[in-house]
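Worksheet: one structure, shown below.
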Amino acid sequence: MKSPRFRHSQKYIGSKPYYGYYENDHYIVSWCRGHLLELKNPEEMDPKYKLFQLEHLPLIFQPSYKVIQENAEQLQILVKLLQRPDVDHAVNICDADREGELIYREVYEYAGVNKKQSRVYKSSFEAAELEAALNRLESASKYDGLAYSAKARQYLDYLLGMNITRGCTTKLAQNKFLLSSGRVQMCLLHEIRQRELAIENYREQSYYHLQLITDLGLKPVMKTEDQVLNPSPLKSLGENLKDQYLTVEDFKEGTRKQNPKLLYNLTDLYKDAHAQLQINAETAKKHIQNLYEEGFITYPRSSSRHLPTEQVDRVKGVMQALAKSRYSLLVQSVDIDAIDIKHKTFDDDLVSSHFAIIPTTKQYQEEGRPEIEKQLYSLVVKRFVGNFMRPAVYLVRDVSLIDAMGNTYQIKESVLREKGFLEVFQEEVKEESVETFKVPILQKGQELQIYDFELQESKTKKPALHTESSILTFMETAGRKIDDEHLKELMKGKRIGTVATEAAFIPVLHEKNFIDIEKGKIITTPIGRAFIEQFPVQQIKDPLYTAEMEGMIHRIEKNEMSYENFIAQTNAFVQKITQEIIRIPDTVSYNLIETWKKQIEVCQCPCGNGIILDRGKFFGCSNHPNCNKGLPKRVKEKTIPTAQVKKLFEENKTDIIKGFKSNGKEFSAYLAFVNGEVSFNLPSVEELSLGQCPKCQKGKILNRKTFFGCSEYQNGCDFMLPAKIKGKKLSDSQIKKLVNNHVTDFINGFSGEKGEFTAAIRLKTDLSICFEFPTTDDRTVGKCPLCQSRVIIGKTNYLCEQYKRGCDFIVSGMILEKRITASQIKKLLEKNMTDTVKGFVSKKTGKSFDAKLTYDSTQKRVTFIYEKKK
């Protein structure tokens, strides 16, 4: 078992600590730190494999293990304990999953012993549960299928990864750089590229619905099987139907329930952590694992959203424990006594090895805990408690009508009758509802006269670039994306990768320079695009294949497929893959290498004889070992932007970089070369200053993340400005204007009761702040190039005050995902050209680019002026 888990239990068991284990009269307890052994690389089994050569492929051998050196000491402790003559029984209490089983079996087999073996397979390690499990041990042989499935997955990934990497590095990269990948990585890279291609090929289309206007004020909409792209037939139909009648074909009134969200599985928890806490899955994983190991939540690496029926009493116990915590008010919305096996959460058929993630009865003390961990625990608790609240109940009226030509029309209306869980979780309202029904009770055969019609125009939706959250969804539901219904059924329950490993794949692809992540959007790099497009084995890219492999591994776990059969199929497939890679034309290799060279070049090295290259985990000189200049890609938990690396090597100093971390605290600094070594230069208060403090007149106003405050706060100055006002985060530049000029520019995006609004913030003489709302003169940014009237700032556009009254001048405030500032529009109107605006995102490629804007008075639209590449 893991050492943190036992340390939290030892006070109950009363064991004495020894170096690397605990012991009492009945038990010896020791632990692993993840895997203590790993698979050998080919060159460690035969030196001839040190060189990557095509004639070596395919490489097919039985896995052979080596000791992970940093864990060698603990492994030897375990081996000696297992080999002790007085030890006659080994109990596996590692994680209740494939990896936990494999970690134990690797050590046991390495020790070379033959002793009685048992298993504790629990989703929680609360002390009472652990003690009960030790009193009711299961036979280790019951989990042989699980062990073989773990070995099968390990063998599959080992063999495929080794042969794909060596084959592609040798054939595609000509051994000039490493092209490392595996089955899941290739599948995900392919999906990311396919989404980019869908965006590039997207063409927006309008489609139309016919809405009739009838007596009783009702507006039924015509039902169509497909999107209607041509409005003319609908318009003709609408004209013909005027003064005719619709007949009520069916009227239904009933209730519809909206249930609370199901309990968390790991994928859902990762996605909410990404959406609500703005953290990636890899970061969330560390804190979730810590919550589990310390006994605050149940086993997290679960794909289930349900609980077995035997957990009813446990749920009640957890609710009662939470009722004594800071979540007591939340728990009051649950009728604990009414929880029973009839609740939708309890379903034995929908729980496999592990049930959903829920809190335990152990009280979580927030003091001293990491902020992210606290927020993740809160997500788990709120989802758990909300799941057992009453559903929301809507009263629904649904009317189906028919015209004289047999076309069908529909009206639906809902009234929220019982709020249920929506009383607490208001953000989860899914459907529009009205206070009272406008649709009256209608009788079948009743006629409604048609007075007029409207054509409703809608636009097809452009696909969005993938985010980490959407990739997690793709991994979980890959089978359900297939159109064929039979294949959908076959793929049910299968996925890409496992919940235990899904957090790692996006960071790995990013680390290998196959993808970039810009503002949360995932895009392929030039080398990532070239690699996935030229990789010849379609099966490896196909989610169906990857999920089928997971399905076969699952069948081994259930003893429905033999390990030997799986190995034979894997070996045959590897033979096929290597042959396809070997047949790749040499011209493909040349183009890929040229793409790689362009991608990794950053700037000239100061040594004068080399180029600074992006080497993956670090930047270094191409003239190595003659030049040792370099920089790690991540410094103090901050990934250094390539633009700043370029600046460092060209100018010896970066700009101020925010987001370095030391002892859990963020700080800003320059990176600079001092005597040839990279060092931190902390910015002075003057450099960070946004202006002189208007209160004490001595200190400087500094950005403190959640507020702006005076540098003299320790000497008694309490002047402070919030970082966010009415939902709008204020920029350093606007705070600088507020402090120095006592008023900001007009800022868009404040949130009020009536929606978003624009205002300036003024610092009054008593140092309080207030809003100033723009007059027409304030909103004027210049003269219209078409009619010479005033151009004013609208809600979402810059437009002529005569717009729709004879003038067509209008410019969107958001162009290709980039907000256009009023100052740039002023320059556009004065000089017919803005400055270079950075960060437009191409509709065709999804890539960002920089350009100036100009206004074409003939075509009456803005156009781009691209800077010539030097």
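Even glycines carry a Cβ here, placed using N, Cα and C.
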Students should find that the zinc finger stretch in Swiss-Prot, chosen from 328-351, 784-807, 808-831, is 784-807
Checking 403-427, 578-602, 603-627, 653-677 against Swiss-Prot, the stretch recorded as zinc finger is 603-627
Among 468-492, 693-717, 718-742, Swiss-Prot lists zinc finger at 693-717
Students should find that the region 'Interaction with DNA' stretch in Swiss-Prot, chosen from 96-101, 180-185, 444-449, 834-839, is 180-185
Under a three-state DSSP reduction, the secondary structure at Tyr299 (active site, O-(5'-phospho-DNA)-tyrosine intermediate) is coil
Arg153 (site 'Interaction with DNA') and His35 (site 'Interaction with DNA'), compared by Cα position, are separated in whole Å by 15
In this structure, the one of the recorded sites His35, Arg153, Arg301 whose CB has the fewest other CB atoms within 10 Å is His35
Among the recorded positions listed as His35, Tyr299, Arg301, the Cα nearest the Cα of Asp157 (site 'Interaction with DNA') belongs to His35
Cβ contacts within 10 Å for Tyr299 (active site, O-(5'-phospho-DNA)-tyrosine intermediate), all chains included, total 22
Residue counts for the zinc finger (603-627) under DSSP, helix then strand then coil, are 0 helix, 10 strand, 15 coil
The zinc finger (784-807) resolves under DSSP into 0 helix, 10 strand, 14 coil
Secondary structure of the region 'Interaction with DNA' (180-185) by DSSP, residue by residue, totals 3 helix, 0 strand, 3 coil
CA pair Tyr299 (active site, O-(5'-phospho-DNA)-tyrosine intermediate) / His35 (site 'Interaction with DNA'), Å rounded to integer, equals 19
